[in-house]
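Working notes for the structure below.
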Amino acid sequence: MKPKLILGILAIVLFTSLLMYNFGNSISTYVNFEQAENRATSHVVGTWDDSRDYGFSRDTMQFSFYMKDEDGNVRRVVYPRPKPNNFEQATQLVVVGEMRNSVFHANEMLMKCPSKYNDGSELLNAQES
Amino acid sequence: MIATAGHLLLSGAFLTSLIVMGLYAASALKDNLSVERIANRMWYLKGVLLLLSSAALVYIIMTHQFQYYYVWNYTSLDLETKYLFSAFYGGQEGSFMLWILISCLVGVGLIKWTRKPYKAPVMFVMALTQFFLLSMIVGWDLSFAKIGASPFRTIAQEMPNAPFIQANPDFVPVDGTGLNDLLKSPWMMIHPPIIFVGFSMMTVPFAFAIASLWTKTYHEWIRPALPWTLAANLSLLTAIFLGGYWAYETLSFGGYWAWDPVENASLVPWLIGTAGIHAMIVQRKSSRAHKASLFLSIMAYVAIVYQTFLTRSGVLADQSVHSFVDLGLYGQLLMYILVMTFMGLGFYLYRYRDLPSPQKESKFLSREFMTFTGSMLLLILGIIIIVGTSSPIIGRFFVENPTPPEIQFYNDWSMPIAIIMAFATVVGQYLFWQKHTWESLAGVMITPLLLTSTATVVSIVLGEVSNIYYMIYIFAGWFTVIGNSTMLISLIRKNPKLIGGTLTHIGFGVLLLGIIASSAYTGPLLDQRTASYNARVAAGEVYDEEGFPVTQPREMFSLDLNRPTLVNNEYMVTYEGYELSDSPRPGQQTYRLRFESIDNGRVFYMYPEVYPMLTTSSRTNIEWSVDPHVQTGWMSDYYLYVAGSKYVEQKNEELEEQNRNQDPLVSLQEEADERQTIEIGQGESIEAGPFSFTFMNFTPALEEELPDSTQIGIRSLVRITHTPSGNAFDVEPLFAVYTEDEVSYTYSPPLEIERWGMTVSFTRIFPESDTIELTVDGLDMEFEEDWVLIVAEEKPFVSVVWLGTFLLMGGFTISIFRHWAREKNTEEKE
């Protein structure tokens, strides 16, 4: 019984540490655009800056827009796919990619599902119409 | 009025659940049958209160009472009745309501079918969960704390500080904000209820485990709990399947699985529940593994509560594409999970020394050991997924503000575990029905192993697999399918009722094969130009305007109207136009794309849709949404959506124009570029604004009209029709190429059409396609050929994934009937 128990505990410890090591390596931290400048891959959280031009260009086959990160830095983001569904509605965006020359090249883009998210401002619009 | 009643009924149900809980506890402690009978009646009463309250919610939704926040937030006047009904559980509050209703119904089933000594303690646990769930939506505003968010609260209660509420407290919006268009899908109507059936039923093994610990009867609970657990698993599996299919077909997630937190939230309880089923089977067959089956039954439910906490408390807000908004339930949800975990695990540890342990260890080659191994592997897989999904919490030990793990993390861990599981299922199944020694086992395995090797080699050759790891995985998959099928055949001969377990294991093997085949061979469909561009990107030869190398390949291509384009050297794809329609969604365009196989000439059509999002589009801004089309086949699925089109771009430009005109600051309209070029093939017509250009044919040019040393000189007969008036004008513009001092020049004298203030020149010729280019000046309507931007993927063997899922479902269903029948039999005998 004894050696079996020790073996079992060893296996569990080994498994857990391997899992945690691997997990630790597979996550990274959210950064802002300034910090992203010196990193290989970054996750940046922010909101769409709708006061500036955005859209898909058929020449470059990219979707581009301006995004304001949580610290207020605004940068142009390019995304090599079409505009995702729900883009305009998203209350928050997460872009994953690389910063080059003040332009963020996103490989992935996540949008916070907006259907469950409303605040008073939208109600004001509803009132007007 | 109705809403107030609904709110009061809900409060009544909340109080009743508290009383019922106390009564069942008293009945269990004192073993008092009459108290139990009262409690049962109170449970039915609670059911009636809940039903009436839900009816009230449905009523205010159906009658569009927009002064209520929930109604305003999730519905609108134009919503179809069926979606009005499903809006009942479209939001966080209503979905809790549905969960409570179904769990109450499960309680009714338990009252009816549970025998002594378990009924009272089982129902105590059920009442406790009802109490917690109801507390999420009871919406009591005590002076010191708020309990839950009521679906019946008004806008004024939700936003007391909003200026329009302060100006007019009785304000009622004219219309609601509506349901998200993506949720207007039949899947939305069936997917959530099935999930909550699964959640509610998964409470039952937990309740039985607690009851077993309570009454110190550790053997008997398995029999009544097993069918419930199997049914819970079937429901969760069905829900996972429906969710995956919905994501794939309608939500344009691009696949059936993405390791999204909400997807994981339904997978983990399923895995742990399945682990529990394995442990319960060991216990039922051989009076072992009591500890494991109790522990796993508790953990399966804790996993449900934990994942509910993750997805509903706002913890995952940044990570999930479809997490719920934080309703301020964080504290309550935390309390819920803590109470459930401490009650379950605390009770378990308290009784731990009392739990029966086996006299001697089971042998390695025994059904107990193998089944138990399967159970542990499922648990480990569940734990790994929990770790990954919990990254916003666990990740804090590593970094500040952690991101979700890369998908690779899940794949790296689940693949080796799946391989071990695959082998264990076969050995386990052989041992389950017959005792074996190493020698006898090797003997019966020879045929399946030979068949597996053949199938694996064929797959590797056909699939051009070069990765040794994938080869092992494919071998494991085939071994599971073939080994279990051999077992299935011999079982069918013996007694077909016994095949449930074997069938699920075959399903598991098919699923493994389907997953690898569909994910490894999925690739974009591209035209040749894009494909060669991507090849240059891969070779590092493409640079962007700032001089950086481009690393991202393009996964889309554009198609011009009626110009067949070769795609993936497989299909001639032709865009044949679109249809506008107002049904079921206003402003919806259905595009028509013709696919013709160049190998066998087989033709099929794809009809992707683009529509304006009604709920969020306004007069100044249309938000377009896409609905992909999936062409399902036995071998391959084609997945395609229109990412952009001339129609959408024109609509957007028109809107921009309007907005600019309304904006007084920008009074000067930009000068439209009036020169345009048009390409027309012989015999073709092209519309440009109010004009139609038809290229009839080429006509010879007279020698004297041409410059000296002309190499080519030709005219084209073009008919220009003013569509509104029907007036036509034939022109014969000239195109010539001549040399002067060994340099070639083109000569295209413009022809003037005074009536329309337009000049036409013949500026280029494409002899290979009999196409000409005309340059037209003075045509103020923008001309552009109709085009679409296509994103398409070929996804092979998705059908195999579904087949695996169906086999799993079938196996579970057969097992439910078998175990349920046995449970009924024992009941009748007593």
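One-based numbering along the chain as shown.
For all residues, glycine too, the Cβ spot is worked out from N, Cα and C.
Under the heading domain 'Cytochrome c assembly protein', TrEMBL lists B:93-313. Model confidence over the domain 'Cytochrome c assembly protein' (B:93-313) stands at 88, taken as the mean pLDDT rounded to a whole number.
For B:338-522, the entry in TrEMBL reads domain 'Cytochrome c-type biogenesis protein CcmF C-terminal'.
Sequence annotations record features per position, and here TrEMBL assigns transmembrane segment to B:6-26 (among others). Cβ atoms under 8 Å from those of the transmembrane segment (B:6-26) belong to residues 32, 35-36, 38-39, 42-43, 45-46, 49-50, 52-53, 55-57, 59-60, 100, 120-121, 123-124, 127-128, 130-131, 134-135, 137-140, 150-152 of the same chain, restricted to positions at least 6 beyond its ends.
Using a Cβ-Cβ cut-off under 8 Å and counting only residues 6 or more beyond its ends in the same chain, the transmembrane segment (B:47-70) has close neighbours at 2-3, 5-7, 9-10, 12-13, 16, 77, 81, 84-85, 87-88, 91, 93-94, 97, 100-101, 104-105, 107-108, 151-158, 170-176. Feature annotation from TrEMBL assigns transmembrane segment to B:47-70 (among others).
Marked as transmembrane segment by TrEMBL: B:96-113 (among others).
Among the features that TrEMBL reports, transmembrane segment is placed at B:120-140 (among others).
Taking Cβ pairs closer than 8 Å, the transmembrane segment (B:194-214) reaches residues 28, 89, 95, 98-99, 102-103, 105-106, 110, 117-118, 121-126, 129, 220-221, 224-225, 228-229, 231-233, 235-236, 238-239, 242-243, 266, 269-270, 273, 276, 280, 293-294, 297-298, 300-302, 304, 308, 340, 343-344, 347-348, 350-351 in its own chain, all 6 or more past its ends. What TrEMBL lists as transmembrane segment is B:194-214 (among others).
Per TrEMBL, transmembrane segment is recorded for B:226-247 (among others). Residues 185, 187-188, 190-191, 194-195, 197-202, 204-205, 208, 253, 255-258, 263, 266-267, 269-270, 273-274, 276-277, 280-281, 284, 297, 300, 802, 805, 808-809, 812-813, 815-816, 819-820, 823 of the same chain lie 6 or more positions beyond the ends of the transmembrane segment (B:226-247) yet place their CB under 8 Å from a CB of it.
Packing against the transmembrane segment (B:267-283) from elsewhere in the chain are residues 198-199, 202, 205, 219, 222, 225-226, 229-230, 232-233, 236-237, 240, 289-290, 292-293, 295-297, 299-301, 303-304, 307, 367-368, 371-372, 374-376, 378-379, 381-382, 385-386, 389, 501: each is 6 or more residues past its ends and has a CB under 8 Å from a CB in it. For B:267-283 (among others), the entry in TrEMBL reads transmembrane segment.
Among the features that TrEMBL reports, transmembrane segment is placed at B:292-309 (among others).
The transmembrane segment annotation in TrEMBL covers B:329-350 (among others).
Positions annotated as transmembrane segment by TrEMBL: B:413-433 (among others).
Long-range Cβ contacts of the transmembrane segment (B:440-462) within its own chain (Cβ-Cβ under 8 Å, at least 6 residues beyond either end) map to 365, 426-427, 430-431, 471, 474-475, 478-479, 482-483, 486. Sequence annotations record features per position, and here TrEMBL assigns transmembrane segment to B:440-462 (among others).
What TrEMBL lists as transmembrane segment is B:498-521 (among others). Residues 255, 281, 418, 421-422, 425-426, 429, 432, 463, 470, 473-474, 476-481, 484-485, 487-488, 491-492, 794-816, 818 of the same chain lie 6+ residues outside the transmembrane segment (B:498-521) yet bring a C-beta within less than 8 angstroms of a C-beta in it.
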